[in-house]
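Right, one structure below, let's go through it.
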Amino acid sequence: MTSSRLYLRFLRRFSTATGIDSQTTAYPGAITMSKAKSKLRKVQDPDKALAIYKSVSNNSTSPLSSRYAMELTVQRLAKSQRFSDIEALIESHKNNPKIKTETFLSTLIRSYGRASMFDHAMKMFEEMDNLGTPRTVVSFNALLAACLHSDLFERVPQLFDEFPQRYNNITPDKISYGMLIKSYCDSGKPEKAMEIMRDMEVKGVEVTIIAFTTILGSLYKNGLVDEAESLWIEMVNKGCDLDNTVYNVRLMNAAKESPERVKELMEEMSSVGLKPDTVSYNYLMTAYCVKGMMSEAKKVYEGLEQPNAATFRTLIFHLCINGLYDQGLTVFKKSAIVHKIPDFKTCKHLTEGLVKNNRMEDARGVARIVKKKFPPRLVTEWKKLEEKLGLYSKANLLGQHSAERNQDATVYVGGLDAQLSEELLWELFVQAGPVVNVYVPKDRVTNLHQNYGFIEYRSEEDADYAIKVLNMIKLHGKPIRVNKASQDKKSLDVGANLFIGNLDPDVDEKLLYDTFSAFGVIASNPKIMRDPDTGNSRGFGFISYDSFEASDAAIESMTGQYLSNRQITVSYAYKKDTKGERHGTPAERLLAATNPTAQKSRPHTLFAMGPPSSAPQVNGLPRPFANGSMQPVPIPAPRQPPPPPPQVYQTQPPSWPSQPQQHSMVPPPMQFRPPQGMPPPPPPQFLNHQQGFGGPRPPPPPQAMGMHQHGGWPPQHMQQQGGPPQQQQPPYQHHHMSMPPPPPHQESLMPCALIFTKTVL
């Protein structure tokens, strides 16, 4: 398995490098730079970021927009430590004719800095003569920025002193001095930064508001409050153009004092014509949190139109510190919707608190979101936390809610044999990776599974690997089909799809599911349409049931009802690719009634277990993949029953108590001898008139396995007497479970329903 995964990683990286080499090629369906930037802000996956970047049209907008998109892409790659891919991406641009433009090359130098690859940035700066690119203060400032992004603060003063002397065309400007000031401030030397500012004044170089703000913030952070206040007075007296940024620096320091002090400064902002922004209110919220005034802090949060990542991080962290994990979970869900989930430490606090309060399902929900959003390096650390907290231990996996299933990590399994059990299915698929859930839907009438099921893994990588190695292998002599669950979604859709209108903005997918699941089985997760940029609800959503009985009941009961202070509308949704035709047509209903795959059971009870032992089975057969290969597992044939006595039996069709008798379809009485080796049907006294045919069933699995109890040994009065006891062997035997033997002096035969069917045929 390890070698296969390494090979897959090699293929992925090889294909990535191939795509990078063609960065300057226009692709069909190219998108604009603005749309690319919007997508890149929401994407964390490095491969997806690369795909978005290379789909940008060559007719790009301003160099600033191009630089922003490039740096975002590099940041996604850097988080995954894909430095070779970063180098391939940036170096491929040397073939672009724009490389002779200094602004274009400066973007590449800055991008190396975003990945903390300063040596590469320096090398490109020194190659400018060979590339035919002029070298001025523009590229020099890009090199200083790369040095700052690489946290090489001590290197900036050296470059500032050496390069203007080495290259005649470089004369430091106000931006160069600003970065020199920042290097001293970031290294904890605000006094040295003040000296540079005085030197700028002597040389007649403008001190920008950015330089003032940088020094002011550094003075506050280093506890030099008096010096900071003196600098503030100097800025006011010089008539500096004070903006929100410089006021927010003062608010940062005021938040350590009291909420009242923060309010005073916010009123001062308003008096000079500045409107407090999200950052300003974040400091007010922080001041309340520090004082333990969580109700007031939540009011500030709820009043924000567009909270940012710092808003969610600060509030969730302090809610967890105060033991308010329920409220913290609510805020976390909102952060996930708007793609602004907090950092690792905050998510860790929340998950640990939920586990501590026995909220295992909610903790797993947080974990699934985190693993989708975090880069691979942090995902590895997060999985260690999951193991430590026991999120996926056997005791915590039973009965997980299927609405919370991770579709990206779930595979669909088709072509299952009727005698296959969930336990055997788990035994096979756990070889590809840690299994979270095994779910096999069953027919509501016959209680038999419908030849397909779903396997949920911990990660999407494990699901993809299972598809690769398990697709079309044979179980019980039949090849099974394994692919992504989403690929078979359409085959499970009966058309009972509803449109829910006039939804309150506070209604989320969970509330929609909890409300409408009362009317029947929801076939797929509810969907609320949201604004792609803000993540806010657009006021309508969709529900898909597995039957029209459920959808009709939902329409009848919920139309005109109030959900979160709004009167909602419920109707059948319009079909795709049709002109105004809604679902729920007679043709759809007829098709659903005749389609056996449309009959699904309520997917609320799922089966899961811990990993099996790699030891051989009781019957000596190897476990799947125990030796690294996948050989079909032979199934022991059942023992032949004793020959029947030469008697003649008269058969009658079964009588099901839940259905009326079909007298017109009753076949005439038949008299025949059963075939040699076939046990006879049971006498009438052995019929169970409540459930059709009775008879012995295969032994049930142990209770500790968490299996569904589909049958067991029949009661004493339903056992046939006489003859030596015969025991059917299960297709799979496990060393860690012992099947109970049949009761003594009782004969184990095939189920009577099967005997009747074979006899008639």
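Cβ atoms are placed via backbone N, Cα and C, with glycine included.
Automated prediction, rather than curation, is the source of TrEMBL annotations.
The feature compositional bias 'Basic and acidic residues' is assigned by TrEMBL to 577-586. Among the features that TrEMBL reports, compositional bias 'Pro residues' is placed at 633-647, 666-685. Annotated compositional bias 'Low complexity' per TrEMBL: 648-662, 708-732, in sequence order. Annotation comment: TrEMBL describes 409-487, 496-575 as domain 'RRM'. According to TrEMBL, the feature region 'Disordered' maps to 577-749. Marked as repeat 'PPR' by TrEMBL: 101-135, 173-207, 208-242, 277-311.
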Long-range neighbours of the repeat 'PPR' (173-207), counting only residues six or more past its ends (CB under 8 A): 137, 140-141, 144-145, 147-148, 151, 153-154, 156-157, 160, 214-215, 217-219, 222, 224, 227, 231
Other parts of the chain folded back onto the repeat 'PPR' (277-311), taken as Cβ under 8 Å at six or more residues beyond its ends: 244, 247-248, 251-252, 254-259, 261-263, 266, 269, 318-319, 322, 324, 327, 331, 335, 338, 340-342, 534
Positions whose Cβ lies under 8 angstroms from the repeat 'PPR' (208-242), at least six residues beyond its ends: 174-175, 177-178, 181-182, 185-186, 188, 190, 193-194, 197, 200, 249-250, 252-253, 272, 274
Secondary structure composition of the repeat 'PPR' (173-207) [DSSP: H/G/I, E/B, coil]: 27 helix, 0 strand, 8 coil
